Amino acid sequence: MSQTLLDNLNKKELTETSCTIEIQAAFILSSLATFFGGLIVLFIFRIALKISRNWKTVKGPRGILELFSSRRIEVNPLRKLYFHGVFRERIEMLLSAQTIVGQVLVILVFVLSIGSLVIYFINSMDPVRKCSSYEDKIVHVDLSFNAFFSFYFGLRFWAAEDKIKFWLEMNSIVDIFTIPPTFISYYLKSNWLGLRFLRALRLLELPKILQILQVIKTSNSVKLSKLMSIVISTWFTAAGFLHLVENSGDPWLNGRNSQTMSYFESIYLVTATMSTVGFGDVVAKTSLGRIFIVFFTLGSLILFANYIPEMVELFSTRKKYNKPYEAVKGKKFIVVCGNITIDSVTAFLRNFLHRKAGEINIEIVFLGEAPPSVELETLLKCHTSCTTFVCGTALKFEDLKRVAVENAEACLILANPFCSDLHDEDNSNIMRVLSIKNYYPQTRVIIQMLQSQNKVFLSRIPNWNWSAGDNIICFAELKLGFIAQGCLVPGLCTFLTTLFIEQNQKVFPKHPWQKHFLNGLKNKILTQRLSNDFVGMTFPQVSRLCFLKMHLMLIAIQHKPLFHNCCSLILNPSSQVRLNKDTLGFFIAESSKDVKRALFYCSNCHSDVCNPELIGKCGCKNRSRQQLVAPTIMVMQSSLNEFAPTAEIYTSISREQTSSVTILTTRNMPVDTADDSDMLDSSGMFHWCRSMPLDKVVLKRSDKATHEFQNHIVACVFGDAHSSLMGLRNFVMPLRASNYTRQELKDIVFIGSLEYFQREWRFLRNFPKIHIMPGSALYTGDLHAVNVEQCSMCVILATPYKALSSQLLVDTETIMATLNIQALRISCPMSGSSKKEVNTSPTFSKYEGKQRYQQIPILTELKNPSNIHFIEQMDGLDEAIKGTSLHLSTAFSTGTVFSGTFLDSLLATAFYNYHVLELLQMLVTGGINSQTEHCLVKEKLYEGNEGGATFLSGRTRCKLGLLSLDETILSDIKPKKTFGQLFCGSLDNLGILCVGLYRMMDEGEHNSERKRFVITRPANECHLLPSDLVFCAIPFSITCDKSESNASIQDQDTTTNVTSMSQGSNFQGAQSALNEHSLSPASAMGEKKSPQLLNSRVYPLNLFDASDIDPGK
């Protein structure tokens, strides 16, 4: 036994000999000589090549060939170059791992490099100052590895275009300092560790190898592998250098200060140094080692402080956000995907969670395509009880399965309104919808869209179902629709906006008008099923009862005709429409608790109740309609005595009719001649004209005398040839609603780049009375050319998205144009004006002895609401609430500014109550909502069909207007001291529904510009002022002017009709439109047809894809 052990020791001594300084120097110098020698040769070759090229330029292209080339090369000098190029190209393909052979070669080189590193680890167990004998078998294995590395090095050198750059690459340095010593060991018959630790740098190729093997596929895994390879290769290389110098000692001391340090101890020392801890149990004693530790500590501060935390974060994030969401039975949740950023999530949570304040019972699962940022992660932690984040995409079935879309209440898709390409953003969201519907067709989807022309693709998805709650929120359609209403009536844009925003900021009003405005902000659009005690009653009766007894303003109902499948939303229906069972009502009220009174109302229990707070659920179970309707009407008649005008007022405008179809008569309908016959689209809802070439509508500054516009609409657009289309068709459609006669339509004059309008024109060419002035709103000459001084409204549309360094600059052009237009004030002396001029100009000062002036009415769109302070400064009023948001600003209260940022809140509205969203779409788009679109697409009604009854009712939509108390038909309502008296009197006698006021800010002298502010749903006891203007829902057949002879000519101050509202049968009007050459058939009940309708013709117009319009028409 002892003899065997002695033999092994003797054998090990034979294979290990002491390495002298000369042997170590031979290994080191071989690498240095190869490196510097090769570098010098390459430099000399490059200099010689430059000299030869210069010589070739001087002596001609054949100068070098004549001196150095043989005759055979002269005969065919390009043949060798051709084969050289082909061979080089094949090598490049091989080394880039683009072929299977190349991939095998790259993987083989990496594996052999790791094998060589393992051999180094084995040899490092022996003392560094000992040399292994060549009889060791491991030495032969390492020699074969390095021989293959030499071959691979030669291929890389051959394929390199820049040889010097290749020579200085890290992989080349590793090969130069590890391959030559191996061949030196073969010559010296001994092997030394030397610089073979540099093979550890080959670990940097690990991410590339893993990608070739398809082990890692995601960006996070690639990033994690790169960080790990950098840290590990740095550890091993630094430990190898310390292992070498500490065991060898300083060269100038002949190794007298060396110490025995194993490779594991070297790794331990490097790790302690990298973490900047340093326990002191293992330290460097050599000068070289200590100098290296100093520089390595500085480098490790960067490496450890950045890479290690990032690796931990990637590893934890991948594990944290890749877990599937566990749906709990009985707990509701929704999935939100698309544009998941800190801004979009903040806006969504603010609006969505506010709807259920105090009782959040719906969990929100965010499906993001990238891990959340630090800010987003912090926000989610603040709502950790109701939010979950999962990394994935809605385009993959496995990710949809992880978030359990099949069990979700709905899937909401967020859009990015600030993206550079709106069309691509819509397309990506449409693909998400298609993926979700393919995965689980019954999933309810609510999607945000940026451009209205892309909505048609969603309706073509086979599993898209409007009736199941699928809905579209189109930013361009709603935003431009709001602005269009503000163009038709001052303040209406603000009035409609206040009904859909949430105001939580606590403010303290300084002026009386601010108190009225803030009280109006408390009101919202709410829905509630009406009590069955209202069955059989007319809408005016129910609305009056709700207003007086419950202090609720009922403005619309959802009605389903007997012979029609689509439910229609009807604003202020006529007395012909009677309520059915479980009718859905739309109210303007402050809280959902208040509108519950309309559900609990009982004619038996609450007929004598005067306090609306006492109306609650009663114990009545069996109710008879015959017993309940009569008492209800008696209550209303008894309450009428206080507000009813005299019997001889407006007896000819009675709303009591027996026909089930609205009949228009000549006594209250403006008359047009046959020469001015209207042409409508096939739905009967919009005015239409034959396709107009663009050059026919382009105006010239020199022709101003030929187009003296008055009472027109000026729209300033800042797009160019490369801007995203904003969809001006959505702006024009509400202004061309068919419930206006052709004479009532206002000219629309666009100012902007002609190149931009050339791209938009195919969507506008079939709308009448549109003009284009090439130019800019920043140039005063262009404004004067379109007679902006005489316009009824000048709207400044926001600039299409541009990539800017600051979001505060997105409204620069808009603000500058506003400043430019506001500077154009028209002043004139008071003495030469007539009373009629004063009455019809609300912006004129009425104080004698003072010079009066008129400011051009402006409506400015802001993309960034924080820029409102620029507009406030222009207004010149110091009455704004300081430090508040846009919706509390003076400019917003007066209706001169609009921002579409509040449209984000409609996503929550669409989920909780999509009926409110449908009402909003109907209000701002001229009568089109999702139900209308569904019927139009399903029945292809835009192709035109025969029959006239539905066409007649298609034009009888209600329209909002702004009426004066003195100069219109409201002047005969007696009494009208309070808003409650006006509401009941106008509803009973005229069928007009009053919903708000447009009041002077101050009757004092300092309000020289006669600015007005909006009051949404005034209180019943609110006292009226003689100067008040009233927002009203006016039936189509009612003439608002006090003089019927001037019914078609309405002054701006006295009567301003606005947006078209879907009157009871507007969906019926979309069902069967007349074809191009047909006339309206006679109505029933022996009524005479209106000449206006007799001369109206209908032409087909695709409401959803304007590009399909036949240009030949």
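Backbone N, Cα and C atoms are what each Cβ position is placed from, and that goes for glycine too.
Judged by membrane topology as recorded in Swiss-Prot, Ile23 sits across the membrane from Thr218. Which of 260-282, 444-466, 789-811 counts as intramembrane segment depends on Swiss-Prot, and there it is 260-282. Transmembrane segment is the annotation Swiss-Prot gives to one range among 189-209, 483-503, 630-650, 1029-1049, and that range is 189-209. Ranges compared are 227-247, 395-415, 542-562, and Swiss-Prot records transmembrane segment for 227-247.
Same-chain residues lying 6+ beyond the ends of the transmembrane segment (189-209) with a Cβ under 8 Å from its Cβ atoms: 17, 19, 23-24, 27-28, 31, 97, 106-107, 110, 113-114, 116-117, 120, 123-124, 128, 131-134, 136, 139, 142, 170-171, 173-174, 177-178, 181, 216, 222, 225-226, 228-230, 232-233, 236-237, 239-241, 243-244. In summary, the transmembrane segment (166-186) does not lie against the transmembrane segment (291-311): fewer than three C-beta pairs, each 6 or more positions apart in sequence, are under 8 Å. Within its own chain, the transmembrane segment (227-247) has Cβ neighbours under 8 Å at 117, 120, 124, 127-129, 193-198, 200-207, 258-263, 266-267, 269-271, 274, 284-286, 288-289, 292-293, 296, 303, 307-308, 310-311, 314, counting only residues six or more beyond its boundaries. DSSP states for the domain 'RCK N-terminal 1' (331-473), grouped as helix (H, G, I), strand (E, B) and coil, give 57 helix, 31 strand, 55 coil.
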